[in-house]
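Okay, structure first, notes after.
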């Protein structure tokens, strides 16, 4: 799917999977929909941002689309009228905003940026957004924010090689755990469907699986204090030749997909009898030359377990159908 006039940074499916949004260096958002057997660009959203649009996030209801930009703002687009309109611009970051994500309830929005901060916004009535907290836990550029699939717990990853988790404690948000293990920038993170595990990918060319251990857990992992402790339980290395820019854990199939600077996309499957405390994964598919340049973003379809969207520095958006091998 072509149309963007510069690199495409991010793709995001609407919650029902009927629509795909993409954004990039041309300062536009494209909304793609299916007509017959073909996907076509239905709408181009312009005039919201002055610089590159880096990230997109749909609200759980599918009515709102948030866009994060290098112009230091986040725009909220709504389609209540049937057409997308920018109804709010969130300002506060000092420079590039790198990522945006809505909480499962739709009542909170998180953003992060090059200014090393994570912002949490409360969605008010009448399309107003109020900053609830600004968190300075990372020591470098924050690459991505992702909400837990069922709880109001936020995760972020950074150029400082760490992943951090946050929760609200007595009316203020604070960091409740720091996950260390990657040896270079952590580019992306994704929760599994239960929210008990996180997958991360890095400039160190590895994928890591982290598992949560609450206080009093059955496994006997010592947890000091009241907060859940996360531990790295698996490292997938040797599969990627260059930086891994994005990773997505399918909430439908449980498959993990990666997007890399070696122009490939890869799919990993957990072994059938895998021990959750020491899980094992197999590489089940590699699409070489998926794009002619870096693959920046990868996203499983929210309903159809075999469909994936990707985008790249080559200016294209692609849809893939993954056919699992017969067991």
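Quick reminder: no glycine exception, Cβ is built from N, Cα and C everywhere.
Annotated in Swiss-Prot:
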- 3-42: repeat 'WD 1' (REPEAT)
- 48-87: repeat 'WD 2' (REPEAT)
- 92-131: repeat 'WD 3' (REPEAT)
- 137-176: repeat 'WD 4' (REPEAT)
- 181-220: repeat 'WD 5' (REPEAT)
- 239-278: repeat 'WD 6' (REPEAT)
- 290-327: repeat 'WD 7' (REPEAT)
>> Under 8 Å for C-beta pairs, could you tell me which stretch among 3-42, 48-87, 92-131, 137-176 has the largest tally with the repeat 'WD 7' (290-327)?
In response: 3-42
> Near the repeat 'WD 4' (137-176), which same-chain residues lie under 8 Å Cβ to Cβ, leaving out any that are not at least 6 residues past its ends?
Replying inline: 55, 98-105, 108, 110-114, 116-118, 120, 182-191, 193-195, 198, 200, 202, 210, 227-228, 230, 251
> Which bits of the chain, at least 6 residues beyond where the repeat 'WD 1' (3-42) starts or stops, bring a Cβ under 8 A of a Cβ in it?
Replying inline: 48-58, 60-62, 65, 67, 69, 77, 84, 293, 296-304, 307, 309-317, 319
> Can you tell me how the residues of the repeat 'WD 4' (137-176) break down into helix, strand and coil by DSSP?
Replying inline: 0 helix, 24 strand, 16 coil
> In the repeat 'WD 7' (290-327), how many residues does DSSP call helix, how many strand, and how many coil?
Replying inline: 0 helix, 17 strand, 21 coil
>> Considering every residue in the repeat 'WD 1' (3-42), what is the mean pLDDT value?
In response: 97
